[in-house]
Every structure is written in structure tokens, then in C-alpha cells.
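Notes to accompany the following structure.
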There are 2 protein chains.
Amino acid sequence: MSDRHSEPKPTATYDEVMSANSDYATSFGDKGDLALPPARGFAILTCMDARLDPAKYAGLAEGDAHVIRNAGGRASDDAIRSLVISHKLLGTKEWFVIHHTDCGMLLFDGNTMAGLLEKSRATATFDGTKWANQKEEGGSPEGHHMAWLTFTDLAQSVRDDVERIRNHPLAPKDVPVWGFIYDCGTGKLLPVE
Amino acid sequence: MSDRHSEPKPTATYDEVMSANSDYATSFGDKGDLALPPARGFAILTCMDARLDPAKYAGLAEGDAHVIRNAGGRASDDAIRSLVISHKLLGTKEWFVIHHTDCGMLLFDGNTMAGLLEKSRATATFDGTKWANQKEEGGSPEGHHMAWLTFTDLAQSVRDDVERIRNHPLAPKDVPVWGFIYDCGTGKLLPVE
């Protein structure tokens with residue numbers, strides 16, 4: 001296992017990230033003076049999907065709002081931990097839950113994922129209908145013990161998460177929780193009632 | 001409880017977000033053609049802090065990389081769920097764990113948070129030394145049952161999370177996991193060894 005714990009060598013991706021960061025720091029301006037609490041007093045919970053840039057799609061500058069992201073933008077226990085810290089300690093007063101079209105969480109279910117992982121940790125492929133492992137190595141049954149939080153109905157997943165947050169015993173009653181679908185085809189936020 | 005479950009009325013913040021989104025959608029260009037899997041094949045796990053814009057500080061365009069965010073940028077079970085989906089189903093090959101200076105997670109501990117929430121869900125205040133509730137209403141003991149994932153040593157929190165991810169039974173062995181501190185004062189990414 002020693003190879004697994006040694007420091008990895010920088011890769012092309014690592015160098016690209018460091019180079020982009022150097023450019024960002026060079027033009028950082030007075031952003032070092034921003035305060036810790038979000039200036040505009042709200043939080044967004046959305047998906048980790050690479051196509052989503054919440055700062056761009058919701059018009060956020062650095063310092064404006066908390067952004068919480070996970071696979072699906074789900075109201076997991078950890079997302080609720082983050083939202084409660086956001087309000088209780090850092091004063092946010094409105095929360096946006098934003099899932100999106102063409103989400104990967106619509107393409108599998110927990111049993112499928114656990115079954116794939118049981119055989120292999122390597123990346124699987126999807127043929128448009130089903131997932132298949134390409135090589136079987138290093139599998140683990142641990143996937144059967146994880147809640148993968150997939151869904152089959154996009155709008156309902158938003159409603160479910162808004163309701164879970166509203167009903168959570170640690171969530172304040174007076175914080176509006178807005179539900180949206182982000183349309184990956186148009187960039188538009190579509191309210192979910 | 002009916003007031004808690006009715007649809008909230010749009011606020012100034014809601015209108016601002018919708019207006020910014022309308023501008024974004026108008027100049028969306030051909031981003032509707034982006035594929036679901038991250039084009040640059042990596043994922044970032046970082047904090048929800050409002051001052052952090054991972055797309056800007058790491059140089060990401062829409063479609064490039066998964067971004068997972070929670071309070072502290074911690075390797076919670078939910079963050080690991082997201083990372084495993086990121087690699088296993090969507091092919092990311094490198095992961096970046098990025099905490100930051102002046103993090104709110106350094107300013108409290110789980111007992112403090114649970115104690116505050118037991119008395120009140122309303123926003124507390126910090127005088128530089130300790131937290132205090134401003135009004136006591138709607139408290140819940142539920143905070144005692146939540147892992148708040150605070151830390152006292154920033155660099156160690158990065159090392160701990162990198163190690164937790166590397167050692168997780170569902171994490172692939174061949175994915176480098178890089179640890180960083182983002183400096184909120186300068187915008188720079190500082191590697192943690």
C-alpha cells in the first residue's frame with residue numbers, strides 16, 4: 001500500500017491549475033479584504049456537475065453567497081450540516097436548491113452502483129442503456145452501505161429536497177427555500193413549484 | 001406549521017438571481033452542447049465559503065471539472081459519495097482537496113454548535129472569542145446528533161481529508177489526491193504536504 005500513501009508527482013492538470021491560480025492571484029485586487037459572512041446573505045445548494053457554474057448562472061461575485069455542491073445537489077445530511085452552519089453562524093437568510101437537466105443521478109441507481117463497485121473501482125462505461133465495468137480490479141462491497149441519493153423524477157427530487165430542508169429540526173422556519181431546475185441546454189433557471 | 005410549508009413570496013434576492021440568470025442565458029452561446037463527463041477529467045472538493053470561487057481560482061470553464069463544496073471542504077461521507085460517482089461513472093482521474101485560511105470551521109466546535117442550536121435556530125453572533133444566541137426560539141437537541149466536522153489545525157485538516165479519501169475502500173488507488181490551502185488574503189493555492 002506504500003505507493004498509495006506517497007505524495008503523487010505533479011501532473012499536467014496540476015500544473016494547469018497552478019498556472020491559472022497564479023494568474024488569478026496576480027489580479028486579485030482588494031478581494032483579500034472581503035468578510036467571512038456572505039455579503040448578500042444567501043446560500044445555493046446545487047450539483048457538482050462540471051457544466052454548472054453557480055457564480056455565473058446566479059450572478060455571484062466573490063464574497064456574495066455560500067455555495068454547497070454534491071452529486072445531484074441533494075439535501076444530504078452533509079448539505080444540511082452546511083446550510084445550518086450557513087444560517088446559524090454566518091447569517092444567510094434565503095436558500096436556493098438547484099438541480100439540473102441531464103443529471104448523471106438520473107442514469108443509475110444505488111443497486112447498480114454498488115454492484116459495479118463490488119467488482120471494480122475502475123471507471124465504468126455507459127452504452128446509453130446500462131453501465132458495465134471495463135476491468136475488474138480492486139472491488140469493495142462498501143458501496144452497498146452508502147446512500148447514493150439517485151432519483152428518477154427531476155422535478156420531484158427538487159421538491160423532496162426543499163421539503164426535507166424545510167422540515168429539518170435544525171432549519172429555521174423563516175428562511176425561504178427556493179427550488180429550481182437549471183437547464184443545461186439554455187443556462188436558464190426554471191422555478192419548481 | 002402551514003406558514004412553513006406554503007410557497008414563499010419572491011424577495012429582492014430572488015429577483016436579483018433571476019435577473020442575473022437571464023443575462024447569463026442570453027449570452028449562453030454553444031454551452032448547451034457540453035457533454036456530461038468533465039472535459040478535463042478532475043474534481044475539486046472545497047469549502048462553501050462565499051469568498052471562494054473555484055472556477056476562478058483554479059481556471060475552470062463550464063464543462064471542465066466537478067466541484068464539490070460543503071462547510072470546510074471536508075471529506076465527509078457525502079463528499080466521498082460524490083467523488084466516487086465522479087470517478088466511477090464520470091471518469092475523473094485527479095482530485096483536489098482545497099481548504100482555506102480564515103475558515104469559519106476554525107471558530108467553533110461541535111459542542112458549541114449543538115448548545116447554541118438547543119436553545120435557538122436563529123442566527124448567533126461571535127464577539128471574537130465566543131458565540132452567543134441573540135434570541136432564544138425554536139431550539140432543537142438534534143445538533144447533538146450531527147458531526148459538525150470542525151477543525152483546529154488547518155493544514156492538518158487538509159492532510160486528514162486527503163488521507164481519508166486515499167484510504168476509503170471505494171476510492172481508486174491510481175487517482176492522485178492533492179491537498180491545498182487557499183489563501184483568502186492573496187487568492188493563492190498553497191500545497192499541503
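FYI, residue positions are counted from 1 along the chain as it appears here.
Yeah, the Cβs are placed from backbone N, Cα and C, and that goes for glycine too.
Keep in mind it's a predicted model, so treat the numbers as computed, not measured.
Look at TrEMBL and you will find A:Cys47, A:Asp49, A:His100, A:Cys103 tagged as Zn(2+) binding site.
Same-chain residues with CB within 8 A of the center of the A:Cys47, A:Asp49, A:His100, A:Cys103 CB atoms, the Zn(2+) site residues themselves not counted, are A:Thr46, A:Met48, A:Arg51, A:Leu52, A:Gly72, A:Gly73, A:His99, A:Thr101, A:Asp102, A:Gly104, A:Met105, A:Tyr182, A:Cys184. Neighbour count (other Cβ atoms within 10 Å of the Cβ, all protein chains): 25 for A:His100 (Zn(2+) binding site).
The Cβ of A:Cys103 (Zn(2+) binding site) has 22 neighbouring Cβ atoms from other residues within 10 Å, across all protein chains displayed.
DSSP assigns A:Cys103 (Zn(2+) binding site) to coil, not to a helix or a strand.
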